[in-house]
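Data block below; observations after.
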């Protein structure tokens with residue numbers, strides 16, 4: 001075996017050294033060729049293909065995640081001015097990729113009041129809270145409870161409240177179709193005169209008057225579906241003095257809602273109170289979770305269709321998501337009440353409020369507690385001598401007819417709809433089209449000239465006398481008939497010659513007046529025939545001036561002319577006889 005192997009090795013080296021080969025064993029540049037594997041190319045190609053497929057799948061997953069976060073995630077940044085703990089919305093993808101909420105997310109007790117349905121729990125709460133209230137607060141609580149027993153709230157699925165006619169009207173008119181309901185005739189004086197608790201101006205502007213004790217109003221239509229992610233509205237506080245005795249609430253309610261109760265204090269209602277309290281179906285003590293509202297602030301409420309979430313904004317910043325899974329028709333609700341009639345918001349109630357830490361600290365340190373004069377004690381609204389006038393509050397509602405303070409609502413178009421609907425803008429009455437009218441422009445360039453006198457005929461005063469005689473007295477001498485004719489008639493002015501200096505016969509005047517009938521007297525006594533310059537009598541029958549060639553048909557005038565002619569003839573005869 002060993003010999004055979006050596007022989008084979010020698011023969012191999014001998015073949016390498018033979019002249020038939022291009023290289024020799026001693027050649028230093030000789031590199032042995034490795035054996036070629038026929039499957040290596042196929043293996044490398046398969047590896048590259050698998051690697052590209054893996055990267056493609058990863059890219060596809062990233063694109064899907066990015067698309068979901070962009071279009072299905074939260075639309076705006078979250079703010080937390082109260083330093084509250086944040087939570088995440090439900091759902092696997094939301095938990096993994098959703099944005100982290102910095103606001104407070106409450107349960108869905110808004111749609112399911114909970115404690116109100118349990119009579120035992122409600123009775124225990126009433127026994128605890130009602131003694132802390134004033135008589136007027138207890139009265140309002142009982143009235144609201146009876147009201148909702150007689151008229152239960154309409155808890156319908158979102159978008160089912162409106163009929164086809166209302167939907168078409170909203171499409172046609174847009175935001176112009178929405179308005180706040182007017183005040184109920186609740187407050188009257190001893191004479192039966194209506195004392196409105198509030199006045200609605202321009203459909204969406206509300207002003208609570210000094211007669212207000214406790215009242216509220218709602219919108220005529222519920223929140224619409226604007227084909228966007230959410231719907232949003234804002235309320236601007238135009239008037240609310242500091243240390244006011246009026247407290248107002250802004251929120252969402254169902255209908256019918258007690259008109260004498262502010263939002264948030266009855267079933268199926270949520271409200272942002274001006275004191276900073278957040279009320280959800282809570283007529284009792286509420287927690288202060290929000291900033292206090294002052295004049296100039298803007299409060300916003302939004303509703304997300306997909307998750308049924310209600311969120312609140314303050315001066316353009318989102319505060320929190322209040323509740324979720326709300327799928328019913330909601331109406332905008334605004335109300336106000338006089339805090340002087342309550343114990344909760346007067347001195348004693350404020351000291352018992354656990355959120356008023358500063359009051360208790362000041363009281364423990366012996367410092368004076370600054371409370372408004374009207375809120376030092378509880379007043380009785382049923383006692384006329386103890387009634388308090390409410391401080392006026394003015395609020396303006398913005399449904400999208402102007403820009404929102406909340407920027408994201410403008411970008412995402414969360415308005416209630418178009419401003420003018422499908423009908424469009426009404427005709428313009430600002431004068432832009434009228435200015436193009438040539439005739440009207442000419443009329444503006446050449447305005448008509450009016451007389452400086454008191455009326456059309458001058459400063460004329462008429463005194464009534466007997467039926468047969470009417471006298472006229474004027475501050476200025478009237479024109480004669482000839483002067484009047486020359487002014488009034490172009491034809492007479494151009495073709496006739498007038499003589500205004502004719503003399504009158506005073507003796508014939510009085511006789512002629514007695515002989516004429518009433519009609520003749522009235523015609524001859526016209527103010528136009530009176531000429532103070534010639535000193536004519538009132539009822540003078542002197543002949544009128546006539547043009548050249550005109551014939552005077554008055555017989556008296558003819559007799560006068562004959563006498564003048566006879567006098568002329570007699571004078572001529574005398575002259576001849578003298579000669």
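Every residue, even glycine, has its Cβ placed from backbone N, Cα and C.
If you compare 367, 373, 413 in Swiss-Prot, the ubiquitin cross-link annotation sits on 367. Swiss-Prot assigns the feature transmembrane segment to one of the listed ranges (3-23, 24-44, 45-65), namely 45-65. Among the candidates 358, 364, 480, the residue that Swiss-Prot annotates as phosphoserine is 358. Close to residue 356 (N-linked glycosylation site) in the fold, though at least 6 residues off in sequence, lie 350, each with a CB less than 8 Å from its CB.
Put simply, residue 358 (phosphoserine) is 11 Å from residue 367 (ubiquitin cross-link) when counted between their Cα atoms. Around the Cβ of residue 367 (ubiquitin cross-link), the number of neighbouring Cβ atoms within 10 Å comes to 11. Between the recorded positions 212, 358, the minimum number of other C-beta atoms within 10 Å of a residue's C-beta occurs at 358.
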